[in-house]
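Copied over from Swiss-Prot:
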| type | residues | note |
| --- | --- | --- |
| SIGNAL | 1-24 | signal peptide |
| DISULFID | CYS35-CYS59 | disulfide bond |
| DISULFID | CYS38-CYS88 | disulfide bond |
| DISULFID | CYS56-CYS110 | disulfide bond |
| DISULFID | CYS60-CYS112 | disulfide bond |
| CARBOHYD | ASN80 | N-linked glycosylation site |
| DISULFID | CYS87-CYS115 | disulfide bond |
| CARBOHYD | ASN106 | N-linked glycosylation site |
Amino acid sequence: MDYYRKYAAIILITLSVFLHILHSLPDGEFTAEECPECKLKENKYFSRLGSPIYQCMGCCFSRAYPTPLRSQKTMLVPKNVTSESTCCVAKAYTKATVMGNIRVENHTECHCSTCYHHKF
């Protein structure tokens, strides 16, 4: 009888550890090592029944390469590495009012283009 209690306890502990690990994994958004492609995704915070709000999400490319010597000579502060990247941004959008008086952009089309947050 004591043997079965130990066996049951081990099974329950193993099951609880497995469920804890399973529960701690993300909900499938970024489970792959690679980032998903740039596309529209519903914004669950601003969306309401019958009036979904979409935003562009995903990854585009970025790369770094050695700066050509002739380009380094023209720089005020020469840098050995030049980087280039694009971000997932809205190609087209409409203005929408949510929660009474908050104006947001409801993205309708996405593409990879200049990263706007770098332009401040």
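Note: Cβ is positioned from N, Cα and C throughout, glycine not excepted.
Locations of recorded Swiss-Prot features on the structure.
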residue : record                      : contacts (Cβ under 8 Å, 6+ apart)
CYS35   : disulfide bond              : GLY58, CYS59
CYS56   : disulfide bond              : CYS38, LYS39, LEU40, LYS41, CYS88, VAL89, ALA90, HIS107, CYS110
CYS60   : disulfide bond              : CYS38, SER85, THR86, CYS87, CYS88, CYS112
ASN80   : N-linked glycosylation site : PRO66, THR67, GLN72
ASN106  : N-linked glycosylation site : ILE53, TYR54, TYR93, THR94, LYS95, ALA96
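The local packing around CYS59 (disulfide bond), expressed as other Cβ atoms within 10 Å of its Cβ over all shown chains, amounts to 15. Of all the disulfide-bonded residues listed (CYS87, CYS112, CYS115), CYS115 has the fewest other CB atoms within 10 A of its CB. When each of the disulfide-bonded residues CYS38, CYS88, CYS110 is scored by how many other Cβ atoms sit within 10 Å of its Cβ, CYS38 comes out lowest.
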